[in-house]
Each structure stands twice: as structure tokens, then as C-alpha cells.
């Protein structure tokens with residue numbers, strides 16, 4: 001049943017209705033028109049009554065007021081359970097001094113300070129109703145909790161001594177009212193650890209705070225376990241949020257621990273953030289992967305540039321190039337053997353080295369052959385000024401030119417022989433003439 005309290009003085013209208021507002025109007029057969037006719041001249045429209053009948057509490061609960069006043073839910077509950085006056089009316093029969101004295105006695109008692117305010121280990125205070133169910137726990141539940149505390153306090157007050165009248169002083173009552181308002185705010189607030197119960201910088205299991213300030217507003221371990229089990233997203237993954245690696249399952253973590261012993265080329269790039277933290281154990285594995293893509297890029301050479309039109313006899317004309325090729329091949333083979341002895345290489349790496357060596361030697365052979373063709377072209381009179389002459393034309397013209405030169409040589413040699421014979425004849429004739437004259 002809702003709590004209806006009215007004060008004669010110092011009434012705060014902005015919080016009274018919210019603090020005592022019920023979930024529904026309990027009496028479903030209540031005649032609103034008859035009540036309105038008794039208080040007002042004209043009844044309200046039926047639509048207003050319908051919406052007022054089904055009016056709910058605001059969800060989520062409103063933030064508590066931070067100002068000191070007499071309209072907090074705890075004080076309303078205190079006033080509602082206080083002894084009523086002789087006239088049988090509401091709380092309006094009490095004066096302001098009596099109300100302040102009751103609140104001061106409630107907050108100043110030793111039992112209340114130990115069990116309700118200053119005892120953070122109390123299970124009743126830790127397991128707050130608002131924290132257990134923050135959606136539908138209204139002020140009636142908070143008033144019920146205060147009433148239970150008040151009943152136990154009144155039972156213990158009979159045995160204890162009465163408080164001194166000096167506590168009804170104005171300054172003390174103001175501070176006690178402010179503490180009462182803060183106490184009401186603490187009971188109505190929601191702990192942020194319920195929304196996100198996992199710590200960001202603690203890799204171990206979640207522990208409750210050790211300080212009394214934080215423990216007073218933190219839920220118990222049972223409530224944390226129940227919230228973790230009930231939530232579908234609860235998993236041990238968020239417990240390692242401080243690490244740099246992404247959250248993985250237990251099977252993945254076991255596989256990564258086994259893979260750290262044997263590091264291959266494929267898995268190094270996948271576990272690069274973790275190997276950076278490890279340091280020296282994975283230093284040898286990081287040197288291989290950056291070089292392998294570069295080797296593949298450099299070894300990609302098209303094979304359609306070979307000179308298939310050149311006759312096989314041209315290689316016999318250039319024994320120096322072939323000798324250099326064989327020598328460089330031996331040197332590179334020795335280098336590859338030394339590397340193989342120093343560190344075991346895979347078959348792919350060996351094939352890449354062989355392909356790279358072959359490409360270098362083939363490029364050198366083509367360059368030397370091109371320079372030879374250019375030199376031969378310059379010796380042919382017909383192709384001396386033709387820079388775009390193909391290699392086949394150069395070879396044909398060179399062959400014809402060589403044959404012509406050889407024929408010319410034979411002709412000149414025969415002519416030389418004839419001239420030598422003529423000379424010999426002339427010499428012999430000259431000798432005969434000298435002998436005849438003598």
C-alpha cells in the first residue's frame with residue numbers, strides 16, 4: 001500500500017509524488033468520477049483517468065536529489081512509522097522540531113551508525129535492492145528496508161540510554177539531514193561494477209575493493225558470480241583486456257603455446273604482436289619472411305626473350321663468355337653450399353637461388369651477344385649506318401662480305417705472284433745486258 005504523508009510546513013512538491021507513487025492504483029473498481037466530484041466541480045475526461053490508472057514508475061529510477069530536505073524517501077518512511085497524534089491525522093500533527101529530533105535520533109544512534117551507515121561489510125547493505133533489481137524496485141521497497149531498520153532500532157532503544165538533547169541543535173540537525181540525504185542517494189544509486197564487473201588492469205580473477213569507500217558501494221561476490229553466470233556474454237575473455245593481443249579461446253592459446261617452440265614461415269606473420277613481446281626466442285624467425293617476397297619479385301623474368309634464330313655455332317665463337325658463365329656458376333654454387341651448411345634451407349629457397357643465378361648469367365650473355373652484333377654491323381659497309389638492322393640480316397651480310405673479302409684476297413695473292421715472277425724476269429734480263437756491254 002502506498003505511503004501517504006503530508007507535512008504542514010516545509011513541503012517539497014517536486015519529490016513527494018515521486019517518492020510515494022505506486023506501481024498501479026490497487027483498487028481496480030475505484031470510481032474516479034465520484035472522487036473527482038467530491039473534490040472538484042467538473043470531473044476529468046475519461047482519457048485522463050485511463051492514462052492515470054496505468055501510469056507506471058519511471059524506468060530507470062530517477063537520480064536522487066542532492067539537496068538537504070525533509071522529503072527524502074527515508075524520512076518519509078520515518079514519519080510514516082512514527083506515532084501519530086491524538087487526532088488520528090497524518091504526519092501534519094508533528095512540528096518541525098519534533099521531525100528534526102526524530103531524524104537526528106535515527107542518524108545519531110550507535111546501532112544505526114554501525115549497522116546502517118558506517119558498516120560496509122553488512123550483507124543487508126551490500127546486497128542492495130536497487131543493485132539486485134534496478135528496473136522495478138521502487139521507493140516502497142526502500143521504505144520497507146528503512147522500516148525494518150527502524151523497528152530493530154526502536155527495540156534496541158528501550159535498553160539503551162536516551163540521547164542527549166544537545167543533538168537537536170540547528171547545525172547538527174542540518175549536517176545529519178545532509179548525511180541522511182546522502183544515505184538515501186547511496187541506497188538508490190547503481191554500482192557501475194554491476195554493468196561492467198570486469199577490471200581493465202587486473203589479469204587475475206575479479207576481487208572486491210579493499211577500501212571502505214569502494215566496498216560500501218560494491219556488490220558481494222555472490223552477486224557477481226550470479227551476474228556472470230546469468231549473462232550470456234560472460235566468458236573469461238574480458239579478464240585479459242590489458243594485454244595487447246586480441247582475446248582468444250583456450251584452445252587457441254594452447255596451440256599458440258605449442259607453436260612458440262617451432263616457428264615456421266607461415267605462422268610468424270600471424271603471431272607478430274606476441275613474438276615482439278617475447279624478444280630473443282623469435283629473433284631468428286623474423287629474418288626470413290621479409291626477404292622471401294623480395295626474392296620472388298626479383299626472380300620473376302619472362303623467358304620469351306631468348307634468341308632462337310641464332311645458330312648454335314655462334315656459341316663456339318665466344319668461348320670467353322661461356323668460360324665466365326661456368327666460373328660464376330661454380331662460385332655461386334659454392335656460396336649456396338656454404339649457406340646450406342651454415343643454416344638448413346628449404347627446397348623452395350634453393351630453387352629461388354638457382355633461378356636467380358641463371359637469370360643473372362643469362363642477362364650477361366645477352367648483353368655480350370648484343371655488343372658483338374653491334375661490332376659486326378659496324379664492319380659491314382652496307383649496314384654501317386643502319387642501327388635498326390636485325391640480327392639475321394647482320395649475319396647474312398657479314399657472311400657475304402667475308403666471302404667477298406676472301407675472294408679479293410685470293411685474287412690479290414695471285415696477282416702478287418705474277419708480279420713477283422715478272423720482277424724476276426726483268427732482273428735476269430738486266431744482268432744479261434750488263435754482261436754484254438762489259
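Each residue, glycine too, has its Cβ placed from N, Cα and C.
Remember, it's a predicted structure, so these values are computed and weren't measured experimentally.
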Checking 83-91, 92-100, 101-109 against Swiss-Prot, the stretch recorded as motif '9aaTAD' is 101-109
With the fewest other Cβ atoms within 10 Å, the residue among the modified residues 149, 370 is 370
Among the modified residues 346, 347, the one whose Cβ has the most other Cβ atoms within 10 Å is 346
Cα of residue 149 (N6-acetyllysine) to Cα of residue 346 (phosphoserine), in Å and rounded, measures 79
Cα-Cα, residue 346 (phosphoserine) versus residue 370 (N6-acetyllysine), nearest Å, comes out at 37
Rounded Cα distance, in Å, between residue 370 (N6-acetyllysine) and residue 347 (phosphoserine) is 35
